[in-house]
Amino acid sequence: MDRIFTNLNLVTMKTDLSTPNDGYQIIQDAMIGVTNGKVEYVGHSCPEIFHGHPDVIDCGNALVTPGFIDCHTHLIFAGNRANEFEQRLQGVPYQDIARQGGGILSTVNATRQASEDELYHLAVQRLEGLKRDGVTTVEIKSGYGLTLYDELKMLRVAKRIAKLPDMKVSSTLLAAHALPPEYKDKPDDYITLICDSIIPTVAEQKLADHVDVFCEGIGFSVEQCQRVFDAALTHELGIKGHTEQLSNLGGSALAASMGADSVDHIEYLDEDGVKSLAKHNTVATLLPGAFYFLRETQLPPIDLLRKHHVPMAISTDFNPGTSPIASLRMMMNMACTLFRLTPEEALRGVTCNAAQALGLQSSRGQISVGMEADFALWQLDSPAELSYRLGVPDLIARVVDGDVFYN
């Protein structure tokens, strides 16, 4: 073993449904052995193993969890929309804001004008908040370019971020985020551009792991999203969707039936849609930050998701318009207080279920032999405190592929 971590209270989050009353899967007085960036040993402390080993890290009775995974972000963009926040609080309708040049297209304009270097440095700054909350993997979407050139630009920035030694990145193409001004009143033509030009180029250059869509009345229709999914699957890219956020169009059921790793938002999802997620083992990603920021009232169907055993992930949805909040622990708290998840469900939502939402469940999201050695060390007594307490610097360090990065 290259490195050994001792004297820790280990929250493995192993997906073992045979012990439903111990969902945290805690091992007291535990030890982790790491070889070549992967976990080789997990269990109770064995002094005969680590005695005399040259690289032993005494964790001082720290609480250790899998590294957190923020599985839905729009981290790369330029500009901000604080002025729209003020307008909304004064009662100005979003439609009026959009007519004034605001809304998502204001972010599109700013992002198109920014260089790759500018976008990179802005995104790296935003990552700091996620790092402080124990995040070791982040998903990053495009979607503020809406041209071939600018979508590629955003995804190249995500690839640069992935070279950081202390953060792993999963990249998602979200060209079907909004209708660009160049295609006003021509949504089918824009979908053709995505399917025939953007997706093939992204796949050829290996710039994305998934393709996402915004399936809504103010976004794209179910039929248009199906075209995008077909093109993505043809080019061997995973799929996921922004679905049932504002209405129930059936986008979640479509995405699940086509093999989506996750559907996200899902406030208006009905029981038939939930059953489809369960049938196809698709994760429901909850985004309480957007729910809170937009002062929504339609709650996601948590009881139905539990009833049908659909895994629930939690993410920040970090973006300039509806969730400018770079704190995954705040999302855990909101998921508990607003959506009535338990702290155990919240922790599962940012570890093993978040890994599944990105198709990474075989390598991340739990601490077990063979998994990547990504975990977080906390100065806490109980895993419930991760959802309970906010704003206190509880993180001691993050470990990425066995390398330690102190907070």
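Any Cβ shown, glycine's included, is placed from N, Cα and C.
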Co-listed Fe(3+)-binding residue [Swiss-Prot; alongside His72, His74, Asp317] among His121, His242: His242
Identity of the N-formimidoyl-L-glutamate-site residue among Tyr144, Tyr149, Tyr183 (reference: Asn319, Gly321, source: Swiss-Prot): Tyr144
Local backbone state of Arg81 (4-imidazolone-5-propanoate binding site), from DSSP in three classes: coil
Fewest Cβ neighbours within 10 Å, where candidates are the binding-site residues His74, Arg81: Arg81
Residue among binding-site residues His72, His74, Arg81, His177, Gln245 with Cα closest to the Cα of Gly321 (N-formimidoyl-L-glutamate binding site): Arg81
From Arg81, His177, Asn319: binding-site residues whose CA lies within 10 A of His242 (Zn(2+) binding site): His177
In three-state DSSP terms, the structure that Thr322 (4-imidazolone-5-propanoate binding site) belongs to: coil
